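Visitor: Swiss-Prot feature annotations, pasted as is:
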- Cys19: site 'Involved in tetramerization or stability of the tetramer' (SITE)
- Phe42: site 'Selectivity filter' (SITE)
- His172: site 'Selectivity filter' (SITE)
- Thr181: site 'Selectivity filter' (SITE)
- Arg187: site 'Selectivity filter' (SITE)
- 8-28: transmembrane segment (TRANSMEM)
- 33-53: transmembrane segment (TRANSMEM)
- 88-108: transmembrane segment (TRANSMEM)
- 129-149: transmembrane segment (TRANSMEM)
- 158-178: transmembrane segment (TRANSMEM)
- 192-212: transmembrane segment (TRANSMEM)
Amino acid sequence: MKSYGAEFLGTFWLVLGGCGSAVLAAGFPNLGIGFAGVALAFGLTVVTMAYAIGHISGCHLNPAVSIGLWAGGRFPAGQLAPYIVAQVLGAIAAGAVLYVIASGGAGFDVAKGFASNGYAEHSPGGYSLLAALVCEVVMTMFFLLVIMGATDKRAPAGFAPLAIGLALTLIHLISIPVTNTSVNPARSTGVALFVGGWAVQQLWLFWLAPIIGAVLGAKVYRLIAGESE
């Protein structure tokens, strides 16, 4: 139960910190943190939680990561369902808190997106469904490659949180214009439910693509690195 609670809290922090920075701070007049600031915020949530709860749950914070680690032989199948439930509930709870905070500001309109992920007319840069699919698969594949490598027993000790957090920052820098960056089905779900409509209709992609990418990343890592000692 402790690990499930840790995943709930960790995913809550990721959504509140990452999506919160996008909704509340990215475009703040004169002092907005902008595109790069949002990317950094997502990375910082992972770094901070990895040090805080990594020793409790492994700090997955992401159904695709849990599934990828299972595919890579690093996580038991029996733990997948409760981990994913905890992650999704944490993301939804964070979305609710963020909605309450954001709705207290002048001019807030959840229909503007609320940091939701999307493609076609709902892509920040107008990217197609195919472009969004490829982007999310490839970004999540490399995210799992970094996670698998950084947490390998053969890797330098103590640096995994930094490597993983920086990888997530880089992923956001690349893909925010394409999909608003998911690579995390829980993160996508936690805000899409409050937007409704198109955000929920397009949510399927942000479950399917990250999971495919995560499994590919784990399998590729096993192929090139072999078994950990």
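Along the chain as shown, residues are numbered 1 onward.
Each residue, glycine too, has its Cβ placed from N, Cα and C.
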Visitor: Please report the number of other Cβ atoms within 10 Å of the Cβ of His172 (site 'Selectivity filter').
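Guide: Excluding its own Cβ, the number within 10 Å is 23.
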Visitor: Near the transmembrane segment (192-212), which same-chain residues lie under 8 Å Cβ to Cβ, leaving out any that are not at least 6 residues past its ends?
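Guide: Here the qualifying positions are 62-64, 67-68, 92, 95-96, 99, 110-111, 113-114, 116-119, 122, 129, 132-133, 136-137, 140, 179, 182-185.
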Visitor: Rounded to the nearest angstrom, how far is the Cα of Phe42 (site 'Selectivity filter') from the Cα of Thr181 (site 'Selectivity filter')?
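Guide: That comes out at 10 Å between the alpha carbons.
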Visitor: Counting across all protein chains shown, how many other Cβ atoms sit within 10 Å of the Cβ of Arg187 (site 'Selectivity filter')?
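Guide: Taking all protein chains shown, Arg187 (site 'Selectivity filter') has 33 Cβ neighbours within 10 Å.
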Visitor: For the transmembrane segment (158-178), find every same-chain residue at least 6 residues outside the stretch whose CB is under 8 Å from a CB in it, and list them.
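Guide: Distal contacts: 35-36, 38-40, 42-47, 50-51, 54, 59, 123-125, 127, 131-132, 135-136, 139, 142-143, 146-147, 149-151.
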Visitor: According to DSSP, does Cys19 (site 'Involved in tetramerization or stability of the tetramer') sit in a helix, a strand, or coil?
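Guide: In three-state terms, Cys19 (site 'Involved in tetramerization or stability of the tetramer') counts as helix.
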Visitor: Which recorded sites from the set Phe42, His172, Arg187 come within 10 angstroms of Cys19 (site 'Involved in tetramerization or stability of the tetramer'), judged by C-alpha positions?
Guide: Phe42, Arg187
Visitor: Round to the nearest Å and give the CA-to-CA distance linking Phe42 (site 'Selectivity filter') with His172 (site 'Selectivity filter').
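Guide: Here the two Cα atoms lie 8 Å apart.
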